[in-house]
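Take a look at the structure below.
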Amino acid sequence: MQEKCGIVGIAYKKPSRSFEFALLAARGVQHRGLQGAGLALNSKDGLKVYRGTGTIDEVFTSDVALDFDVPNNWIIVHCRYGTYGDYDQTNLQPCIASSPKGEKVAVIHNGQFAGLSELKSKVEKLNKKIYSNDTSDTYLFTQLLAGSKGKSWDEKIVNSADKCSGAYSLLIGVGKDLYAVRDKLGIRPLFIGKISGGFMVASETHAFNKVGGNVEREVGRGEVIKLNNQGIRTLVKKGKKSHFCDFEFAYFSRPDSLYSSGEDSNVKDWSSFGSFRERCGEKLAEEKPILNSDFVVGVPSSGVSLATGYAAKLGLPYRQAIIRDHFDPFGAQRLFMRDDDIQKISSRVLGKLSISPDLKVWKDKIVVIGDDSIVRGNVSKKVTETIFCLGAKEVHWIIGFPPLMNPCHLGVSIRSDGELAAPKYGGDPVKIAKKIGATSVNYISNLGFVEAKYPGVKVILPKNKNEIFVANGGCGGCITGLYPVSKNGKYYKNR
């Protein structure tokens, strides 16, 4: 299971050298994808593309820089974790295709399209090559876009986006123009703003911080934006009700990235994901107080805010007795591993995480550990085992996301519920605690999670309790099984 991807796009008012600048911005979304990286840019010589497996620093070496650090009108950078499509070279992005007139188009994508069988059949009708059943949905979309009808690329892109459903944030480069496209429900994040001499679009606001840019707003639901030397222009906006991914809140997005409180809201009023996670900790303190705890500790990085919020609310000591080892080979990576690497997670836990060996810290202590979620249970089981070996009396887990019960077809690579810990035990926290060897496991409630997102906003309480996420502008299908858009592309209607 893994995140979708990270994307960054930059368009300039006049051709500029932006290779290093773009990579710096892309490092701000590197955490969203570690399996592959790629870029495309438009220069006086036309479209230039480079892709490879690994992180940004592994792919874009000094030799690559010599060839790609050239003046360009726009540049797009992609950090990949596969969601649909295998992990081979053919599925690395940007995806490139040519129109019947020979015009090349480059596409990078964060998310997952719905109705994939229909996408495949349309591509086959264009007589385009489909490499295998594991050909990525981004490749399919790019081929369809290149072969689509329209008097201009504006028309082609607007029409192609309108015909698609699912979860997608796209950056599309063709000629001297860059386009930003977001799905109609706003399931995947996408932000737009200004940099010196031009404009930038990125998956998270932290990318703007990396380069001193200014976030202006989020790209609207169903919006198609055109960026070039003339400025920014919205071509169309056909959004539906917002259904932003709730797992972005709990885990994927960096704690220092911001999220919007509404499409028309002022950036000054936005909150950070770290603040949201602290509020989840406070909610858990109200719902599941463990008052006899000796101290609270968060699992780095996304569990720290949760744990500090919990400790502060209950007046309990907080100790960072678990730290992230950035110098271990796996220290810089997230343990949310891709699904062809599941068996290696347990062996890597104690490489990435360093648990204090000081016996005085743990001996006979009642410990509360905070984490963003329990996916398969590999990490929590290994951490629990280690802390008990160090002499702890009790180990309690507080979890900032309700039990993950269902697969995701909207951009998170949970391909079956068989990958998850919770469904095997009916979501019962007592049985899950036994599975990982802990004294207890305490999940935040669905209501508590929703309340923490937008404090002060009245929560809609639907008759069908499973609709609480879709009724309140989220997507919690991995929790309840109710998705705002189905696997075949049908939109959900609240009953």
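Glycine is no exception: its Cβ is also placed from the backbone N, Cα and C atoms.
Among the features that TrEMBL reports, active site, nucleophile is placed at CYS5. In this view, CYS5 (active site, nucleophile) is surrounded by 27 other Cβ atoms within 10 Å of its Cβ, with every protein chain counted. DSSP assigns CYS5 (active site, nucleophile) to a strand segment in the three-state reduction.
TrEMBL lists CYS245, CYS408, CYS475, CYS478 with the feature [4Fe-4S] cluster binding site. The secondary structure of CYS245 ([4Fe-4S] cluster binding site), as reduced to three states from DSSP, is extended strand. Taking all protein chains in view, 28 other C-beta atoms sit within 10 angstroms of the C-beta of CYS245 ([4Fe-4S] cluster binding site).
TrEMBL lists SER302, ASP371, ASP372 with the feature Mg(2+) binding site. Around the Cβ of ASP371 (Mg(2+) binding site), a 10 Å sphere holds 25 further Cβ atoms from the protein chains shown.
What TrEMBL records for 5-230 is domain 'Glutamine amidotransferase type-2'.
Around the Cβ of CYS408 ([4Fe-4S] cluster binding site), the same chain contributes PHE247, ILE414, GLY477, CYS478, each under 8 angstroms and 6 or more positions distant in sequence. Distance between Cα atoms for ASP372 (Mg(2+) binding site) and CYS5 (active site, nucleophile): 19 Å, as a whole number.
Annotation note: CYS475 ([4Fe-4S] cluster binding site) sits in a strand segment as assigned by DSSP. It is 16 Å from the Cα atom of SER302 (Mg(2+) binding site) to that of CYS245 ([4Fe-4S] cluster binding site). Each of ILE187, ASP246, PHE247, LEU410, GLY411, VAL412, GLY476, GLY477, TYR483 belongs to the same chain as CYS245, CYS408, CYS475, CYS478, is absent from that list, and has a C-beta within 8 angstroms of the C-beta centroid marking the [4Fe-4S] cluster site.
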